[in-house]
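Student: Quick one: structure below, then a few questions.
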Amino acid sequence: MSQQALADKPLLSRGMIAVLCAQFFSAFGDNALLFATLALIKQQLYPDWSQPILQMAFVATYIVLAPFVGQFADSFAKGRVMMVANGLKLAGALVICFGFNPFLGYSLVGVGAAAYSPAKYGILGEITSGEQLVKANGMMEASTIAAILLGSVAGGVLADWHLGVALGVCALVYAIAVVANMFIPKLAAARSGSSWRPRAMTGSFFTACLVLWRDGEARFSLAGTSLFWGAGVTLRFLLVLWVPIALGITDNATPTLLNAMVAIGIVVGAGAAARFVTLKTVKRCLPAGVLIGVAVAIFALQHSMPMAYLLLIIIGILGGFFVVPLNALLQERGKNSVGAGNAIAVQNLGENTAMLLMLGLFSVVVKLGVPVIAVGVGFGVIFALAIALLWGWQWRQQRQKTAE
């Protein structure tokens with residue numbers, strides 16, 4: 001479809017609505033299953049440091065499959081790719097439901113998620129264009145975060161009530177996501193005819209990595225989103241251990257409610273980014289990134305539920321405002337160079353490598369007995385410094401470009 005035809009289409013087209021609905025149910029299942037599975041391993045008396053390992057098993061699938069999923073997304077109609085990926089998530093949820101190893105089942109969900117991600121973001125560049133792409137990303141993030149909000153709370157609350165029901169609901173939601181994918185219009189493959197030999201695919205993927213990392217704006221986006229999502233997933237597990245220490249509450253529901261506050265904030269921040277940031281003004285998001293780290297450090301010192309809620313909402317608002325423009329920038333740069341699916345696969349490699357490293361470090365410091373409040377403060381300070389360095393680096397690159 002031509003760029004002009006895309007620009008003339010309303011943002012909330014039939015295809016866009018179908019994509020948003022499918023994404024909502026898929027993300028709902030992901031987040032409900034995470035907290036239900038955390039409750040399961042807690043019930044089975046696994047040690048505290050094993051909780052991040054669950055997410056690391058999930059994340060590792062993204063890294064292993066990174067060379068292949070971008071081409072998979074670009075070689076077939078992306079709506080059908082999303083449907084197959086949700087089917088794999090359903091299979092993983094059933095593995096956990098029927099009492100098999102939860103780490104194995106959650107890894108299978110990770111395989112589905114790895115295949116799903118390039119397709120869900122890549123399809124936005126095929127059904128929207130230009131400045132509508134930033135708005136579409138804002139809507140996608142809002143749909144995702146609404147699902148995180150409801151899914152996280154549902155997973156924790158249902159697990160406190162009946163763990164078997166919680167796991168069954170997760171499987172049902174994935175089944176609904178599979179059905180929702182059937183309503184996405186079938187679009188032509190973005191890049192059909194590529195080689196399916198593993199060696200050629202791996203070479204093609206790392207070529208795409210080099211192309212994007214040599215592009216200044218794409219590199220800036222990749223670094224920013226990797227830091228953000230690495231920190232975001234670590235914060236989720238920090239909350240699980242922080243709540244009993246700082247608030248004296250030991251149920252499964254409270255950490256999910258606190259995670260939901262971040263989700264509410266990200267919805268607001270994503271909306272603000274769609275309203276106030278364009279592809280030409282992406283750098284406006286950087287101060288929000290620094291403030292995320294400051295807010296996390298302050299949050300870790302709290303012992304009051306109302307202040308915890310307020311600070312987590314603020315962290316979410318800053319996060320949404322920070323990450324949405326960076327996603328849109330990468331999709332635009334990727335679509336014009338290596339393909340949107342490959343660009344998102346490269347992004348996933350960066351983000352999940354950051355997650356794996358941060359979760360691994362978090363697991364180590366917990367195992368070593370470092371107080372969780374100290375971990376939270378240190379985590380916030382390091383994140384703020386990392387984004388400040390990214391900001392300074394980008395400013396320097398811009399000055400050099402202007403001088404030339």
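Every residue gets a Cβ built from N, Cα and C, even glycine.
Straight out of Swiss-Prot:
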TRANSMEM  16-36  transmembrane segment
TRANSMEM  53-73  transmembrane segment
TRANSMEM  91-111  transmembrane segment
TRANSMEM  139-159  transmembrane segment
TRANSMEM  164-184  transmembrane segment
TRANSMEM  195-213  transmembrane segment
TRANSMEM  227-247  transmembrane segment
TRANSMEM  253-273  transmembrane segment
TRANSMEM  285-305  transmembrane segment
TRANSMEM  310-330  transmembrane segment
TRANSMEM  350-370  transmembrane segment
TRANSMEM  372-392  transmembrane segment
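On this model, are these features tucked inside or out on the surface, and what's nearby?
Tutor: Non-local neighbours of the transmembrane segment (53-73) in the same chain are 34, 37-38, 41, 81, 102-103, 106-107, 109-111, 113-115, 117-119, 122, 190-191, 194, 196, 198, 201-202, 204-206, 208, 233, 236-237, 339, 341-346, 348-349, 351-353, 355-356, 359-360, 363; each lies 6+ residues outside the stretch with a CB under 8 Å from one of its CB atoms.
Packing against the transmembrane segment (91-111) from elsewhere in the chain are residues 29-30, 33-34, 37, 40-41, 44, 53-54, 57-62, 65, 164, 167-168, 170-171, 174: each is 6 or more residues past its ends and has a CB under 8 Å from a CB in it.
Only residues 6 or more beyond the boundaries of the transmembrane segment (253-273), in the same chain, are considered here, and those with a CB under 8 A from a CB of the stretch are 35, 134, 137-138, 141-142, 145-146, 148-150, 152-153, 155-157, 160, 232, 235-236, 239-240, 243, 247, 285, 288, 308-309, 312-322, 324-325.
Note on the transmembrane segment (285-305): residues 224, 227-228, 231, 235, 238, 242, 246-247, 269, 273, 277, 311-312, 314-315, 318-319, 321-326, 373, 375-377, 379-388, 390-391, 394 of its chain, located 6 or more positions outside it, place their CB under 8 angstroms from a CB of the stretch.
Panel annotation: around the transmembrane segment (310-330), residues 121, 133-134, 137-138, 141, 145, 212, 217-218, 220-222, 224-225, 228-229, 232, 235, 258-259, 261-274, 277, 279, 281-282, 284-286, 288-289, 291-292, 295-296, 298-299, 302, 343-344, 347 of the same chain, lying at least six beyond its termini, place a Cβ under 8 Å from a Cβ of the stretch.
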Student: Counting only residues 6+ away from its ends, which parts of the chain sit with a Cβ under 8 Å from the transmembrane segment (139-159)?
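Tutor: Contacts of the transmembrane segment (139-159) (Cβ under 8 Å, skipping residues fewer than 6 from its ends): 11, 16, 19-20, 23-36, 39-40, 120-121, 124, 165-166, 169-170, 173, 251-257, 259-260, 263-264, 266-267, 270-271, 274, 316, 320, 323-324, 327.
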Student: Looking at 16-36, 227-247, 350-370, which one has the highest count of Cβ pairs under 8 angstroms to the transmembrane segment (164-184)?
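Tutor: By Cβ pairs under 8 Å, 16-36 leads among 16-36, 227-247, 350-370.
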Student: Which residues of the same chain, at least 6 past either end of the transmembrane segment (372-392), have a Cβ under 8 Å from a Cβ in it?
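Tutor: Result: 220, 223-224, 227, 231, 234-235, 238, 241-242, 245-246, 286-287, 289-301, 362, 365-366.
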